[in-house]
């Protein structure tokens with residue numbers, strides 16, 4: 001099995017990243033380079049999360065071997081290295097067996113270097129450039145590249161300034177003799193410092209919101225009211241998107257009529273027309289009967305720069321319009337289904353009856369097993385309890401994380417519960433328990449952080465929408481966030497479990513992942529200060545999230561959020577009910593829109 005676990009996880013994580021990307025991206029319409037770059041970024045970040053537990057178990061085994069080799073002969077009888085069965089005649093004081101997922105020496109350091117530096121190249125160089133390239137309205141590759149280089153000049157300059165500040169600090173400090181390894185560590189520390197700053201913000205939100213969302217998922221009335229609220233808000237956005245699209249299409253119509261077939265910029269207009277919806281293309285035909293030559297003396301022709309701007313606006317408005325249309329129909333389906341659940345809860349026949357059959361041909365095999373009776377017991381009886389139990393389990397994990405974030409720097413006694421679990425399993429060298437404890441820990445941390453990335457929305461600038469409705473810019477931006485968040489997330493995990501020697505203060509063999517980070521002692525004020533005390537702010541962020549302080553601030557600023565004790569929320573709920581009543585006219589099939 002040596003190395004087999006690594007190969008299996010590499011393949012599994014690839015298909016996991018591909019599946020999630022397929023849910024949010026559109027493989028058919030989006031550029032292949034955007035899909036490949038986003039997939040690579042997500043894949044590398046997910047891979048780090050899944051492989052790191054194997055690195056921990058392998059490191060613990062290597063520590064045991066090192067203890068055997070360095071122990072005096074008279075004490076070596078208490079330490080036994082075995083690859084298979086345990087000899088019955090040997091003392092059972094200290095067992096050091098090879099883990100089933102053991103990775104041979106030399107593989108992990110090379111693996112981590114490739115994964116880490118590839119992800120850093122993506123997040124700091126390639127993905128920012130591709131973002132600007134994807135949003136550019138240029139009509140040629142050269143024009144898009146030029147625009148991307150100009151937009152990224154300020155972006156790169158900002159981070160070079162931050163890196164330069166760290167470099168100057170080390171250079172002027174007489175206690176440091178700057179070498180290449182230390183210079184590399186400074187660069188890693190600068191990237192991880194920024195990532196840790198963002199990590200704690202997202203983690204503080206996810207630790208509270210994920211358990212709370214599952215607890216509220218058991219409240220049918222709450223979900224229905226929130227759906228009504230979303231319907232009312234989305235209706236406003238939908239109307240705004242339709243109005244914006246109409247205005248942009250009117251500008252395209254004027255440009256199409258003014259620039260004749262033999263104008264030098266006609267190819268640019270044709271490119272813009274191809275990005276317009278089909279119904280608008282048919283409405284704005286070229287008017288082939290008009291072969292009037294253009295007049296150079298006229299000055300009312302748009303410039304190429306204005307056409308580039310119009311092209312960019314068309315791409316954005318069409319994407320936004322299509323997204324709101326699909327989300328509108330999906331939200332209607334959710335509202336109708338929740339209303340059906342409320343009606344069926346008092347059913348005497350205990351068979352789930354749908355008001356509308358949304359998809360006639362949907363999964364006949366599943367419908368054979370998921371009968372109306374099974375659906376009634378699940379939706380009306382079992383599902384609320386399942387969500388409550390899951391919410392309690394997640395809340396327990398959140399409490400453990402918060403406690404460990406505030407106490408992981410304490411080594412005597414060990415207060416971090418994750419470190420306690422790992423050390424208890426390490427005493428008996430139960431590698432399966434070590435790997436499961438590590439995996440559950442880092443997986444829960446990743447869920448809290450990554451799910452927040454999927455939830456947050458920065459106006460219409462960044463928005464991950466399911467059902468293939470995420471634009472290229474948002475996909476690339478999410479890839480950048482993942483690549484920046486994952487390294488500090490892993491370092492934070494190693495600190496919580498005391499597998500990082502800079503936290504445990506033990507002169508033991510470090511994990512292969514820690515070895516590529518270098519010694520953070522080069523910047524002691526970061527290693528002994530920021531990395532230890534800044535994560536404690538997660539307590540304040542959790543309290544702020546629990547009392548919905550961010551939601552209340554957004555409400556005060558005019559960005560309406562769902563709040564049960566707010567008069568404006570009640571108005572939105574009433575409006576949503578009315579919109580659902582109007583939309584309750586017949587079956588809707590979302591699959592036709594995707």
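Backbone N, Cα and C define each Cβ position, glycine as well.
Keep in mind that TrEMBL annotations are predicted by a computer and have not been checked by a curator.
Note that the structure is a prediction, hence the values are computed from the model and not measured.
Same-chain residues lying 6 or more positions outside the transmembrane segment (6-21) and placing a CB less than 8 Å from one of its CB atoms are 35, 38-39, 42-43, 46-47, 50-51, 54, 101, 103, 107, 111, 475. The transmembrane segment annotation in TrEMBL covers 6-21 (among others).
If you look up TrEMBL, you'll see 33-52 (among others) marked as transmembrane segment.
Look at TrEMBL and you will find 110-133 (among others) tagged as transmembrane segment.
TrEMBL lists 153-172 (among others) with the feature transmembrane segment.
For 184-208 (among others), the entry in TrEMBL reads transmembrane segment.
Under the heading coiled coil, TrEMBL lists 231-258. The average pLDDT for the coiled coil (231-258) in the predicted structure is 91.
Under the heading transmembrane segment, TrEMBL lists 385-403 (among others).
For the transmembrane segment (432-453), the residues of the chain that approach it from at least six positions outside its boundaries are 49-50, 52-54, 56-57, 60, 99-101, 199, 202-203, 205-207, 209-210, 394, 397-398, 401, 418, 421-422, 425-426, 464, 478, 481-482, 485, 489-490, 492-493, 496-497, judged by C-beta separation under 8 angstroms. Residues annotated as transmembrane segment in TrEMBL: 432-453 (among others).
The transmembrane segment annotation in TrEMBL covers 473-496 (among others). Through the fold, the transmembrane segment (473-496) approaches residues 21, 24-25, 30, 34-35, 37-38, 40-42, 44-45, 48-49, 52, 116, 119-120, 122-123, 127-128, 130-131, 134-135, 188, 191-192, 194-196, 198-199, 202, 401, 404-405, 408-409, 416, 418-419, 438, 441-442, 445-446, 449-450, 453-454, 462-465, 503, 511, 513-514, 517, 531, 535 of its own chain, all at least 6 residues removed from its boundaries and within a Cβ separation under 8 Å.
Residues or ranges marked as transmembrane segment by TrEMBL: 530-549 (among others).
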Counting Cβ pairs closer than 8 Å, which of 33-52, 110-133, 385-403 has the most of them with the transmembrane segment (184-208)?
385-403
Which residues, given as numbers and ranges, are at least 6 beyond the ends of the coiled coil (231-258) yet have a Cβ under 8 Å from it?
269, 272-273, 276-277, 280, 283-284, 286-287, 300-302, 307, 310, 313-314, 317-318, 320-321, 323-325, 327-328, 331-332, 335, 560, 572-573, 575-576, 579-580
Are there residues at least six beyond either end of the transmembrane segment (33-52) with Cβ under 8 Å to its Cβ atoms? List them, or say none.
6, 9-10, 12-14, 16-18, 20-21, 25, 27, 111, 115-116, 118-119, 122-123, 126-127, 130, 134, 438-439, 442-443, 446, 472, 475-476, 478-480, 482-483, 485-487, 489-490, 493, 511, 513
